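Enquirer: This structure is in structure tokens; I'll ask about it shortly.
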Amino acid sequence: MTHAPISPVVLVILDGWGYRPQRSDNAIAMAKTPIMDSLWEVYPHTLIRTSAKDVGLPEGQMGNSEVGHLNIGAGRVVPQELVRISDAIEDGSIQQNQALLKLCAEIRPKKSKLHLIGLCSEGGVHSHLDHLLGLLDLAKVQGISDVCIHVITDGRDTNVTDGMPAIKRIQEHINKIKLGRMVTLSGRYYAMDRDRRWDRVEKAYNVMTSDQGIDGRSITEVLQAFYDQNITDEFIPPTRIAPGAIEAGDGVIFYNFRPDRARQLCYALTMPDFEDFDRDLISPLSFVTFTQYDPKLPVDVAFAPQNLNNILGQVIAQQGLKQFRCAETEKYPHVTYFFNGGLEKPFEGEVRELIPSPKVATYDQAPAMSAAAVTTSVCGAIEQGIYSLVVVNYANPDMVGHTGILDAAMKAVETVDLCLAKLLSSVNKLGGTVLITADHGNAETMVDESGNPWTAHTTNPVPLILIEGEGRKIPGHGGDVQLRDDGRLADIAPTILEILSIPVPVEMTGRSLIKPAEVEIKASRTPVRISL
């Protein structure tokens, strides 16, 4: 028996597509985007909040892809690990953390070294500098005599030379408590790769695990020398500053709280069956990660995962419906692992497709990235007519925005706009409904107040457009849907469930963005037809 094709709900996440009314240095406003412009003009639209307390982060903290997708998929504001860990340091409860105390108890009698690895940044996206300083204080209280800090500089979620003030702040704290020394220096480009570019990780690993090739200069002198060569924080080559290699019997705390860019270095340091580059396993190591990077890692976890029940993907599966997720490499974990509340395993009926990202050093060299292939995959899935929910992420505005190169970011934005035309054509064939939004801002701000390239995210709101399909009419509105203007990312999942006529579970504390229907039903809106 042949079933009629399903009219899907398609959630399109334009990663890093924020809203800023000023046109100057705004890659989104300056780019040619006829598709988004026409959709914004014709269809119901609003701006939603993606930062700070609206996504479970501290006041003033910019959002990011992990947090954004987690909040979207959960349908509620999820307290973030940044806040959990900061609170534990502030209230002193970190001094009772069992995983950290166990590590200290194992290395203290042997007077072994404690290694602190993480992104030395106040960006708050992968880590926070306050957490490193809190660990130094913990080590002091616990009587650890030798603490080696492996500095990873940012330059992506912060300004490109914010590594220098971060290092100076670390040194001030070291001088204050008389404990700790910075022994290696590496840009996140090497130490925090997440795309299996193992040659980069290998360079960072070798520097951290060997005392050979000590530079001889202070860490600030080394960093300034790289700046003088126009090599900024993200791209600092791994450099040994002082003795203090990771050796058998030592303790290691990896204090990044976001898993995706910490996993590969952790695999190299801990996995017995690691084969991605030649190395001898350093064993035994007492190893703690701040959060759970991967259940397979042979490490202790200081802050266990929060269990989220009745998230969007789970509710769709419970209804016996099929769903499709697609993104290229850079954002694939976000539409799968993070969207599913930190669960690696797909739900029943959830199909995933990973499109490889281009192998380039930085994405200004390929601003189109793999958007065309992502679009082809998603259109094929939509036209199968078997999926009730389709989730797709376009990485371009965010990944190219991170380069700080305006022209490239404009090309990235224009690429995505063209892809939307093809995607909407496929959705129109089945009468589906489309939600177009973003997880956070980025490409709308390419220059900071000092005139320097801005490579980080923003706290700006993002657009949300609802394109109601002929085959997926929202009950009770007669084609005249109105959207709230006070929404946030947590409200997207309840909105999708309302469109699908599925009850919203009590765990979802977000509210549908669709305003209650007015008594008077107005004429249906004439749909935009995209000419290809």
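FYI, residue positions are counted from 1 along the chain as it appears here.
Cβ coordinates are placed from backbone N, Cα and C, and glycine is handled just like the others.
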Enquirer: Which of these, His457, His477, does Swiss-Prot list as part of the Mn(2+) 1 site with Asp398, His402?
Expert: His457
Enquirer: The substrate site in Swiss-Prot lists His126, Arg156, Asp157, Arg188, Arg258, Pro259, Asp260, Arg261, Lys331. Which one of Arg194, Arg325 belongs there according to the record?
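Expert: Only hit among Arg194, Arg325 in Swiss-Prot's substrate site, alongside His126, Arg156, Asp157, Arg188, Arg258, Pro259, Asp260, Arg261, Lys331: Arg194.
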Enquirer: Since Swiss-Prot lists Asp15, Asp439, His440 for Mn(2+) 2, which candidate among Ser65, Ser388, Ser501 does it give for that site as well?
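Expert: Swiss-Prot names Ser65 for this Mn(2+) 2 site.
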Enquirer: Tell me, which binding-site residues from Asp157, Pro259, Asp398, His457 are within 10 Å of His440 (Mn(2+) 2 binding site) if we use the C-alpha atoms?
Expert: Asp398, His457
Enquirer: Using all protein chains in view, find how many other C-beta atoms are within 10 Å of the C-beta of Asp439 (Mn(2+) 2 binding site).
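Expert: Result for Asp439 (Mn(2+) 2 binding site): 31 other Cβ atoms within 10 Å.
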Enquirer: Compare the Cα of His402 (Mn(2+) 1 binding site) against each of the binding-site residues Ser65, His126, Arg194, Pro259 and report the nearest.
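Expert: Result: the closest of the binding-site residues to His402 (Mn(2+) 1 binding site) is Ser65.
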Enquirer: Rank aside, I only need the closest one: which of the binding-site residues Asp15, Ser65, His126, Asp157, Pro259 has its C-alpha nearest to that of His457 (Mn(2+) 1 binding site)?
Expert: Asp157
Enquirer: Measure from the Cα of Asp398 (Mn(2+) 1 binding site) to the Cα of every one of the binding-site residues Asp15, Asp157, Arg261, Asp439, then give the nearest.
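Expert: Result: the closest of the binding-site residues to Asp398 (Mn(2+) 1 binding site) is Asp15.
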Enquirer: Compute the C-alpha separation of Ser65 (Mn(2+) 2 binding site) from His126 (substrate binding site), stating it in Å without decimals.
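Expert: His126 (substrate binding site) has its Cα 11 Å from the Cα of Ser65 (Mn(2+) 2 binding site).
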Enquirer: For Arg261 (substrate binding site) and Asp15 (Mn(2+) 2 binding site), determine the Cα separation and express it in whole Å.
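Expert: That comes out at 18 Å between the alpha carbons.
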Enquirer: Within its own chain, what residues at least 6 apart in sequence put their Cβ under 8 Å from the Cβ of Asp157 (substrate binding site), listed in sequence order?
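Expert: For Asp157 (substrate binding site), the qualifying residues are Met62, Asn64, Ser121, Gly123, Gly124, Val125, His126, Thr455, Ala456, His457.
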